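Shown next, in structure tokens, is the structure this report addresses.
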């Protein structure tokens, strides 16, 4: 017997049944970093000082990415997000941009995939804008940091 | 003057002009890891032994994700991929799944965003299937490892 | 403090929280015009007499566009439309086609963006079909004419 | 016989054949306005002074909207945009925001629908962010102002 | 008066109003076949024995296709699926692959279009993978076999 | 060794490399039927007499579906269609609607999946509009009838 809920007794992938799960308030928060060369980070910061458009573009990419989660992740249930917030902050000490995404819904299944997808897409958008300056950028530490709602209650990393 | 090519002189984001760039063969290879608890990795491996559907599902997610890159990344040019390959391998020593994606096109702009998006989406799909077993999984080391084509020639990490 | 609800205290865009808003029946009606040269309008009318396919195509484009609203508008909440109606009528006196779209849902947020998107997409589809005949067509007067449901009650222009 | 190229001899809509048209450089520029109450425009401006995120969000919506044109407009050919620029400017005298979008490709068909779609989606995004302040906003004057490439050569309004 | 619910009194297509229909548990099951040359079926089976990826890919395509139903079918209401299962089995006697898809939701409208779309897309994906071996494959017998929920109660073919 | 081109030597699915294939004119024609009860067909015909909107809606669904092929079929290459035509005809003798779709491109890979997807989606749209009248409708005989271009030359069923 398979232990992964998305695999049935024959080992075949399916979208698990959430029809019997009650609705509850669901919240998830995820984070991640993109580490880049100090010079590239400096250019990003100077662009930010001017107009704020580089990180603003990545923030919008993350929010719109959260809404595409069920389109991208094969076995994810479609759900109606009631809130999405994405913040991107320049961290000079670690020569990185940190992204944090928070998502919420009222429904029968959690929103952690939506928060993680927001982080991944926002960091990819930063990568895209900075790639002419540094090809060696690395996305690190993308993970869930908080989850609330559903049978499993509240969880903090 | 902004140094990020996607920001114009006023600091506003736009999709850069590639109209004058000649077509060339473009290849990109990216990689990344999802690190999880040994128990979760064990369950994933046992699911794999049966049918191969867990990593197979993530592989398809990555391939389809590569095709959605320009939909997700605001300033990415739409392009016609001529090849996408995604491999996922269980690495017991580091208690992780490694993903490598290779993309190619013939066109005026590179395919590194497509390779990176394939890796990100494939790893998110692994996360989704294993999240009931381990909430602490972390996606690490998502980065470009090879690029060929265009003015900048060949690059290896 | 920002006065636009989509901007937070730092001036950053986010998707506002509707988690605490009660569900109610929501209706919105929007309208708009595309003004074109009388000759182009005549050709459109003659095409209509034959088969009805030109305005029928635009009507379907509007209905499908309404369903894509949250994909297009960055900070829009995804919602499940319970009804969409789009009508397009030829107005010879103003040498224009008028579009009216009506949308409804039962939910925590309004459907005016869906009605406006339906009008915009339907008029763009008319533009596309007539553009070989008149390049000077102009889309005018796209606006909300009715809204019902939610805290603000009923509103008519 | 129908005079609209998208209708065949029976009056049925189809996607016209561009297989025999040679590739050429194609450019299109479109514009449009959203007129709102002076108070709403003032709030938008104050939000802009802080972070630039309101018009920045609409600009990204317009760019991404241009890439979705063939998804939205039933008979539009899919094409690969080589450049998209969207500018939004506050015009206090007319109490409006003006949007201008410029698109380019190298291909067998024009990019005016992409420029117009960018304008429509960017203005809808402004509407969405300001709708809590003014329900009576109207989108006006959405039209093509320039077109270059293809058999018909250069055109200015 | 038109007898098709999607056509209004004037014969124009619209998305019917489901706002007054109560929520209920909805289930639908659909099936279909793709008939191919015995040699092509043999190759498909041999590929399956190795890794299971051919039918696994088609299964994922079907599940993801079910989630795109309202994007594809103009007058379909968007809905949140609570379960999707797709099975594909090789039937040597009829030299065919049989697909069965089962979908569920809790809502105001049925899920038969989602089940049928899953079958159609899964069979198209099989076609795509086998088309180099047999151009004469035919998709047959795509139909509903079960439906439950809503005013009409339970139905079996 | 796997004989299906989409499976590599390890049996894993991938998007095959078309980078070395020369561009050529590509055409495909596919067909299919939806068989329904004579009463349902009669209602469909009466709706058609009035406005033509039922089959017109299905035709647009088919054209738009063709443009979504690479989004739906996991291993399909994205391509730019240069022409799509969909015809739907009522066939009283077989109590069915017949759909025929013709697609074309200039490129390195064929367009048969696009033609078949157009047929499948158009027939699903007919199903959707008639399902209140007949639950027993069956989609039959979806297959390729013509293909031209590429190494394999011209093919007729």
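Each Cβ is built from the backbone N, Cα and C atoms, and glycine gets one as well.
TrEMBL annotations:
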type	residues	note
ACT_SITE	A:128	active site
BINDING	A:75, A:76, A:77, A:113, A:114	substrate binding site
DOMAIN	A:15-150	domain 'Molybdopterin cofactor biosynthesis C (MoaC)'
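Known features from TrEMBL, placed on the structure.
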{"residue": "A:75", "record": "substrate binding site", "CB count, 10 Å": "23"}
{"residue": "A:76", "record": "substrate binding site", "CB count, 10 Å": "22"}
{"residue": "A:77", "record": "substrate binding site", "CB count, 10 Å": "22"}
{"residue": "A:113", "record": "substrate binding site", "CB count, 10 Å": "27"}
{"residue": "A:114", "record": "substrate binding site", "CB count, 10 Å": "27"}
{"residue": "A:128", "record": "active site", "CB count, 10 Å": "23"}
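Straight-line distance linking the Cα atoms of residue A:77 (substrate binding site) and the residue listed as 'active site', rounded to a whole number, equals 29 Å. Secondary structure at residue A:75 (substrate binding site), taken from DSSP and collapsed to helix, strand or coil, is coil.
A distance below 8 A between C-beta atoms marks A:75 as the binding-site residues from A:75, A:77, A:114 lying next to chain B. The average pLDDT the prediction assigns to the domain 'Molybdopterin cofactor biosynthesis C (MoaC)' (A:15-150) is 94. Residues of the domain 'Molybdopterin cofactor biosynthesis C (MoaC)' (A:15-150) grouped by DSSP class, helix first, strand second and coil last, total 51 helix, 45 strand, 40 coil. Of the residues the record lists as binding substrate, namely A:75, A:76, A:77, A:113, A:114, the two whose Cα atoms sit farthest apart are 13 Å from each other. A straight line from the CA of residue A:75 (substrate binding site) to the CA of residue A:128 (active site) spans 27 Å. Proximity to chain E (Cβ-Cβ distance under 8 Å) holds for the following recorded positions out of A:75, A:113, A:114, A:128: A:75.
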